[in-house]
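Participant: I am attaching a structure below and will ask some questions about it afterwards.
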């Protein structure tokens, strides 16, 4: 057996990989093991499995998403622990890039073999490897760097299911809630609803008792042993939680015992706003536990006092460290308790009311989960900040990270490519030069001043570091060209830049006269449209800098007319004037993005507008008017006739909104897009290709129309893509918002949905070499092409993705659920061929 296969078996015995992991499949290759270990997460867990607490998993990045910076940090953490804890010599270790770039995977296997023979590893009783003679064929490792370059990791697997118990504190919570069960009367089996109500009441009572015990048995005795700063750091806002839950417990008890639970739904709705103080608690609980650990190690008197307090509180069963995690568990249970109650409520009015309470508690749970997730992001950002030299600005101001990695850059007036490492955020790109394990900042690019454009001509060179795209300055200053190592990496970078730019300039940011911009809200805030909370700790949503309206990204298009159309009116929020090269920009330099209206009837000035309004604006049917001022209740609006340039007032019923013209999309970087092409040329392209090879072409005789050409049963078939009302479709029963969505959907679903005789999916893009498509299919295996569907859900709300891992939803979307493992309230699923993560509280699962 080859060494890499023996290594995989050893990792399974160490409980790092599950027994059915893809490295055990008959089709498995050394590539699969390399890809699995490449981000360093499993290696860190391996050391913890061999000796507990070798590495603090809170200090590594459990979801590095193949960020080069975060993966290398994980790998270096593993290598350091191999020396310091396992006594290995540096000469026995691989280098970080040997694994990340798989430039010497043989050395990685050798290091793991030596690790398996260390005294600590042998003490576990697990046999080291290799256990048998094997031919060490170095040739199998030679092609790995190229293979890694060709294959981007999709976020498709529950890779860390067996690794890390994110549900920290869950067992403690369950133990505490069950402690009183023996003393409670049993619920009748035929009345599950009564059981649900009893559980809500009893667990609230027990939880309040737990909070009170923290206050009585830990806070009061420890006050004289800790400094004020230490005390606040450990106990955060527990006194506020105690007061809150005493009141909540009383109201729940009163509703269930005295009012036949008729107002229970209202209790939870009323308390949603008050329960958001859990955001503060959940933000601080991790550092509270770290502070407690540090104080216990450095102050012997505190350590002894903690043990004494624990014995008095619960006979030593639970430590303060255990109990600090319980509040985070409780606040995430309310929606689950209400969900059960709704399920077993039959009265239509009661059910509808309880659903309102359920929505409120789901919103609260998602808010808390996003606070937790943002705390992970802030830890990443802090690591970036500490590793980049000469960086004097707080990285936090640049928004959330979208990706990082190596790239080559030229300015558009020079042609020398410079090797750089870039960190891409929502609002900026930090361009760095790598210096050992750290980075030297060379430039910060403000993305608010740029737009992105593909350079399709570079794709024809077909060699490494030749795949380019442009970053173009919107005010005509010198731009940049970025070069990527492979075509796939270029596609990924383009998507990440486009996502960042869509966060800066989202659709509908200026609709209804608004001026919405990404914003960090210092107080808990709700969306003006859906009334749900803006979630997280920074850049939670969008603020109109004219009227102060607040909204989610997905809700921007549904905000009512701006209350301050004229930016000079009282109460308007103003942005500081932007300057370019020290000169104030004139209005002509900026596209104000004002709404455009189409004139539907002539207007020559009769009837005239009111005298105090101003002069009439003459219009001809078909003219386009730029709307300057007006609201839904005004008889006359002010605008500029783009044909004459004149400004004046006109009847509001003389115009209608201009039809939305979608921006032209550049598909040239897609491996399936052929550009303008006729049927005969398409048939020539496909004639010598395998069946299910396809292309999408622009039909030259029909402007704006597309067609799919696919080889099926050794013949080229052609399918016209119909466009109507802004949607694309080949079958009337399934429509898509973009050509990209349509192609993605039919990659996974047979074309027979629209054409009975055409039973195939879109499998092989015609630009992709046949061998690479085949290899990728073989490596992926059937299970990745067809993930196991755990259930079906319906989207209850719109959701707009903030990065490439997330899945945008529209209300009513049917979602296939693939994963529910995330403890942060996110599930993984598919909508119309698009796969990604979405908030579980935004969907309702079919029973």
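Cβ from N, Cα, C; glycine included.
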Participant: Of the residue ranges 513-562, 563-612, 613-662, which one carries the zinc finger annotation in Swiss-Prot?
Facilitator: 513-562
Participant: Say a student had to find the phosphotyrosine annotation in Swiss-Prot: which of 141, 173, 766, 842 would be the correct pick?
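Facilitator: When Swiss-Prot is consulted, phosphotyrosine appears for 141.
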Participant: Please list, in sequence order, the residues in the chain of residue 141 (phosphotyrosine) that are at least six apart in sequence and whose C-beta is under 8 Å away from its C-beta.
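Facilitator: When sequence neighbours closer than 6 are ignored, residue 141 (phosphotyrosine) has 30, 102, 104, 105, 106 within Cβ distance under 8 Å.
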Participant: As a test of reading the model: what is the averaged pLDDT for the domain 'PH' (400-502)?
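Facilitator: Looking only at the domain 'PH' (400-502), pLDDT averages out to 90.
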Participant: Which of 1-119, 400-502, 592-660, 788-847 shares the most C-beta pairs under 8 angstroms with the domain 'SH2' (672-766)?
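Facilitator: It is 788-847, which has the most Cβ pairs under 8 Å.
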Participant: Looking at the stretches 192-371, 400-502, 592-660, which one shares the most CB pairs under 8 Å with the domain 'Calponin-homology (CH)' (1-119)?
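Facilitator: The listed stretch sharing the most Cβ pairs with the domain 'Calponin-homology (CH)' (1-119) is 400-502.
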Participant: In DSSP terms, helix, strand or coil for residue 141 (phosphotyrosine)?
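Facilitator: The three-state answer is helix.
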